[in-house]
Amino acid sequence: MFTANARTRQLNGTCTSSVDMELFLHYSIIPSLFIILVLSLLQRREHGRQTDDTSYLLGNHFGIIVPLDFVGTFSNRWSYGIAFGATANKIMFLFSEGYQPLQVPQWAQAFVLLIGGFEVGLSFFPFFACLSSEFRLTSSILGFCYSLLWFVLTVLQISECPHGQFVGRYETLLFYWPSLLCLAFLLGRFLHMFVKALKAHLGWEPRAEEKPLLEAHQAKHVKQLLRKACPRERKKSWFQTRVYDWDPCFQFPSRMVGTIVLAFICLYLFIIIEFCMFVFVRDKLDVFEGKLESYVALMNETGTLTPVILQVKELISVSKGVWVATILPASLTSVSYLFHILACYRKHMKRLWAGDKHFLPLRFHNPSPSESVVAIARYSGWQIAYILWGYLIIHVMQSLCGLMIMYGLVLPVTHHRGLEMLRRLGLGILTISIILGLMILQMWIAASFFLQPKLGPGDKQKPLALNNRKAFHNFNYFLFFYNVLLGLGACLSRLLISCVLGTWLIARIDRTIMQSGYEGADMGFSAWIGMLYVDHYHTNPVLVSFCHILITGHRERKLQKAIKYWCLEQSAGPRISARSRTRWRLLQTLINNPRLVMLRKSKSGHGSQEFTQILLTCSES
């Protein structure tokens, strides 16, 4: 008889949804191209082509649409981040290499994945283009319709097949609720944009101002640099001292916010996928355990393989428990890395702004500009991939540590061998303590007998000058043979510590795990450094403030010059009618161009003939 969960899995195994999201991904390119075409038609090109070009018939229409400024965008950051979050399911679809529209050889898989990346980017391009477009009324309508299309189809897929074959009930909802939440946010965002744009169009509200070159937080940073340092600093809380201190003079760019939001959602989906794989493997292991139990029962527990089978069953049971128990600590470790990466980004950027490059390896003090430009394109994708693979590696490492704890401490107690376990543990601790004690003793002897006294009472350490040289040479000779054996343990400990730290910090793209001199082989760290330099050169508050002062001064000079000419044209005397001013300018034009007098249309009247005669006299003279 099936359990409820098993019945749900069996029921969903025959469920076929009327919505194929992979097929819709291909067809969504059609409305996406339409939206891009409309926005491009509205977009004006800043520098028009020459009139002899064949494209002059288009005028200055069909400008290039920019989905997101990956360098200098600090406004509307969370909207862009949520738009990135809406792509999480498709990113994971590409990450699992499930995109196989064409049957190609193994060596051509990279090109297929490249095409898949372009297709996903083109499919979700309207979200970003509508958020960043200057034509808020049109872009809000198009963005709302496109988001509503994705939202309705996602809800339809979830409602038709809500359950799955691994987790059971509401498995599809577990996978798609982050994207649904992001799409719902985008719907609200586009609706808010439409209302504001409509009010501005009807004149109920002032139109949005042009995006300033100098952001408010950048101006605060420059003001803080010019302000005299205060001797008394404000008291910080425990959270600000130990965890994170918010800085009003610093903001993360939209690229970093979008990367972190997408990394969070992809990490969640990756954990769900991993748990589904665990459920699949667990079911297979349960079947295998059933066969082992049948064999033991058949042999009446007297077979030669019975002890081995019992140990294998125990290993399977312990492994399943340890793997589930380490999901939470591995997840928390990866999440903490995401927050720590933001903190390191702010710390490194502030150091670069101050001209401090000592925290960087020497070869990264002057990176190649081309490598830096490519690095900022790579960083976001690589950061997400590093977090996902880092979580899996950390989970495996923590599971191995859990197995060691179980077999070293817990299982001996459950098997009534606690005293033997304590004895072995005590011997191990005693051996390590003696080794460490001998190493400390060597340090104490060297400091007490083989170094000369301090040069002054204020010195913290003795000078590096040998004393008692004969005793020192005998000390070295007799410890030479012992240190050979001690070096073997030190070498193994070096290897173990390197493996532990390397696997533990594999997701930390902001820190290299290579030794000094080999940092260039760490491509992730190189991408991090290149990204820092691009942001440093393009968003440095001092540099942006300087450019802002130059542009503002240039605009003010142009405005003053225009005001000056306008004031010269205005009369300082009594008010003159527009007709008189027009006639005076006409007289000045005809005096400067005498041939125009004969071409004027003659008017009846004594005044007109008199005016013409005066002009002719002036022209002859």
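For all residues, glycine too, the Cβ spot is worked out from N, Cα and C.
Look at TrEMBL and you will find 24-42 (among others) tagged as transmembrane segment.
Taken from TrEMBL, the feature transmembrane segment covers 78-95 (among others). Sequence-remote contacts of a segment are chain residues at least 6 beyond its ends whose Cβ falls under 8 Å from one of its Cβ atoms, and for the transmembrane segment (78-95) they are 21-22, 25, 68, 113, 116-117, 120, 123-124, 127-128, 131, 150, 175-176, 178-179, 181-183, 185-186, 189, 254, 257-262, 264-266, 269-270, 273, 384-385, 388.
Among the features that TrEMBL reports, transmembrane segment is placed at 107-129 (among others). Residues of the same chain lying 6 or more positions beyond the ends of the transmembrane segment (107-129) and with a Cβ under 8 Å from any Cβ of it are 25-26, 28-29, 31-33, 35-36, 39, 65-68, 80, 83, 86-87, 90-91, 94, 97, 99-101, 139, 142-143, 146-147, 186.
Residues or ranges marked as transmembrane segment by TrEMBL: 141-161 (among others). Outside the transmembrane segment (141-161) by six or more residues, the chain places 12, 15-19, 21, 24, 28, 31-32, 35, 38-39, 86, 126-127, 130-131, 172-173, 176, 179-180, 183-184, 186-187, 190-191, 193-194 with a CB less than 8 A from a CB of the stretch.
Residues 79, 82-83, 85-86, 88-89, 127, 130-131, 136-137, 139-141, 143-144, 147-148, 150-151, 154-155, 157-158, 162, 167, 265, 268-269, 272 of the same chain lie 6+ residues outside the transmembrane segment (173-195) yet bring a C-beta within less than 8 angstroms of a C-beta in it. Sequence annotations record features per position, and here TrEMBL assigns transmembrane segment to 173-195 (among others).
Here TrEMBL flags 260-281 (among others) as transmembrane segment. Tertiary neighbourhood of the transmembrane segment (260-281): same-chain residues 81-82, 84-85, 87-89, 91-92, 95-96, 164, 166-167, 171, 174-175, 178-179, 182, 323-324, 327, 331, 334-335, 338, 341-342, 380, 383-384, 387-388, 391-392, 395, selected by CB-CB distance under 8 Å and a gap of 6+ residues from either end.
Under the heading transmembrane segment, TrEMBL lists 322-343 (among others). Same-chain neighbours of the transmembrane segment (322-343): 244, 252, 256, 260, 263-264, 267, 271, 274-275, 278, 383, 387, 390-391, 394-395, 398-399, 402-403, 406, 507-510, counting only residues six or more beyond its ends whose CB sits under 8 Å from a CB of the stretch.
Residues or ranges marked as transmembrane segment by TrEMBL: 388-413 (among others).
The transmembrane segment feature in TrEMBL is assigned to 425-451 (among others). Here the transmembrane segment (425-451) has Cβ contacts under 8 Å with residues 408-409, 462-468, 471-472, 475, 479, 486, 489 of the same chain, all six or more residues outside its ends.
Look at TrEMBL and you will find 480-507 (among others) tagged as transmembrane segment.
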Near the transmembrane segment (24-42), which same-chain residues lie under 8 Å Cβ to Cβ, leaving out any that are not at least 6 residues past its ends?
61-65, 90, 101, 119-120, 122-126, 129-130, 133, 135, 138-139, 142-143, 146, 149-150, 153
